[in-house]
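Contents: one structure, followed by commentary.
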């Protein structure tokens, strides 16, 4: 084998090939994360985008205050479903108390910063509508053994129309009535899916199994309460976020008793209290609407201490003092506020208090071991002997760190207890100079009265007082004196023990121990509080509107210059010079304080008669030549030479400086005026120096602007985005975050500005904030409200804006509810629930006719929207509303008639109605005819000249002119000749105006709604009138015969060939078919007669046979019915016997369970 065999080279090993590829590159393997199903990929991508889009919404201003009001939890459901039991269970869970009759709003503290207000919704449609507008959390009670009822579905639809809150939960009760677990499981599943179809997929549904000791099981209530406490605040509704409102939890009648004695039905003055919600209430003149009562103006409003505060403030105080804050609520902090409910035997109802006790009262105050309720303890305390405030058997203790006083140190017994006999006067302050504080009173008395006035000496003895209030003997007695309503107004100094070493020990030993705290009170108050800071915005606002001060005096006080000056007054001549102006005041009153300044009119006339001065003044306005200014003309201020004759203090000469170009116009500096007077002109700067100066100025402005706008919302890019110049620069979520940041920044600015004001000024500017507990006094309330007051009916007070206080025509988009049985008719009264109001009006329904006009509809469409127009209070567009025909519960059907939204508000409307006018011709001249019976006067015809008319046969025409006689007749032309029997009609559009009818639904004082015509006739037993022309009757029309068309021979000869009239001449000879007549004769006639007879006999036999067969079938059918009836009676007897036998085995084990309500 000489030849060497050539072998194929080996392939490279797989290890070496994959060694480099096995390294991890950090990227996802596309094959590992690929979708095998393209449809699944599309669904997952759509779902991720849906989740991302749900997070985005129009940024809204967060008006929730730092101390929010309690969240309102509404318990809604039909009667007998367990609402009161659930409310008792919640109160027991949160407050550890048992309330027998829980009515009205009940507020409880649930955590350190959260409170809940529970309210049970009454089984009345008015209460459901009001609760739906204010509820934050809705607990929907459903009888699990019965299912959904009409009240539940009505409330859900009212919620959907007025604004669905974010937290609506279902609660199933009466589940202990189910005997089989499988039936209970199926009922839960069925009701859960039914609730989901009404609310949303995944709505929470809780289950309450049974009742133990009058309450639901503690574990189930605990789980429900835990769920309520961890819920987040949902996105606020637009209506609540733009209106102030409150739900009243306490009311009193504060009418003067003499007015009630004179007239029991006089208008009352009531006082309503509750937590403020929504936006801020105006401090003065706030217009409100009380649902079910009407519109009112709040006479007086006052912020009250919170009756049910959270422990957050106590924790903040403990943290500031260095103490350890609590981590949980103690039993004493679980507070409850239920003024309308029967709590511990005490119940506040209107203007009186009811105290009840089952076992009677024990009025012995010294009895030991007797448990007393809150009301009984109040009676026992009132029975004690009359004592002073804070007085006990051990003595009176004014301060926590002071001593107890057993008796007053009286030196002269005759003067000791005589009481005050004269007006309260000022007490002299030792060593005081300057004016008193601005917020304190000021009064100057006469020395003669202080020295020899016996009444003053009888009021108090000088030796009893500390040296602070003793009468001075120095020369400075004529100085001003400090006056305060009480000793504590001069400054609280309790607890300052370090400053006591500065007192004179000798004088302290001589004085009584009770009056030591008054020594050097002004000095220590000044050390504590210090001197008032000058240039405070708070003080400036108060000085500006103080009419007792001159402007110069206000400026001095604001700048703090009043402390350096002393105002001397001659007390002896006080009565003579009280209303007289002195020379000093005239000097201080400068010309700027005058409403009309003083001018030299001759000098003004000479000045403004100069044309150069007038031209210079014109250049200051929009008519100036901007091109010349841009080129540099007028930079030296030469155009304003005629205006520089005024003084330096003239602020109205329009002088200004352009910061962009550095150009000065109308400069009023003294140096420039002197130079202009001397005729010297400043040398013009070079162009480069001017550019450098402008560049430095722009850089300085830019740095200052960036310092003010650190967030970057006012830079060039942000401004371009807001103007729509460059929308693509935003990322996917940048715009949304930027808008929220801008809103938050504005809120911070507002908050910082309001914090600079004191409480009174802040309330005047900002109003009463939400979250505060306030009372409001309302006048002019009907007496029936106090007489018919029901604590179970909620009282909602909603604030009105300026627009909502006006009335006009409201245009809405409305749709009849699919569950309402009857369609709605135009002009029938309908009850609207729009905004805070409930009122009755007469709507007119219309539809857009080819977008040219709104055509009136007599009835609402069946399954589509239409337009509605009614007279009522104006409301913002896109506000939802609901409509009812009646609030009465006697109506067994669905009571919500329609729902819709507001489109626009306007004082005028344009709705037209189709109108057909008919007439008949009485003279015809070819294509012209005279028409009668269509109009009544020539004026009406003149309005319709040129209008198109038409006959019933379809011949069109036009109205020309009115005839002179008779009145109402007119001449018309048609496109063809009409007949005397034709009817001519005119189709026109007639404008319709809605009735200005507004009837507020005042159900709290008794209300009668407007009834339909049929209801009035039924109540009055009046027969329905029958119009003869409106009745249907059979129409008989005679057959009309028209003459044949006759065409003249000359015209027929000129017709073209296709249009020639072809007439067949009558044939004179008979045709073959006319000649050939068939006559039956002989045998054929007999055969036909026989066949006819046989057929008749056969038909009669068949009829007899059929009748006999039907008779037999009836007998058979009757026997089957009897057999079936016997079988049913047998089954009934067996079933009755079975249940009699089995019912004894399955008898009830106890008295519990069952709703006990009557089923409809």
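Each Cβ is built from the backbone N, Cα and C atoms, and glycine gets one as well.
Checking the ranges 1-54, 55-108 against TrEMBL, the region 'Disordered' annotation falls on 1-54. With DSSP states grouped into helix (H, G, I), strand (E, B) and coil, the compositional bias 'Basic and acidic residues' (1103-1145) comes out at 43 helix, 0 strand, 0 coil. The list of residues near the compositional bias 'Basic and acidic residues' (1103-1145) in space but at least 6 beyond its ends in sequence, with Cβ under 8 angstroms from a Cβ of it, is empty. Across the compositional bias 'Basic and acidic residues' (688-697), DSSP helix (H, G, I), strand (E, B) and coil residues number 10 helix, 0 strand, 0 coil.
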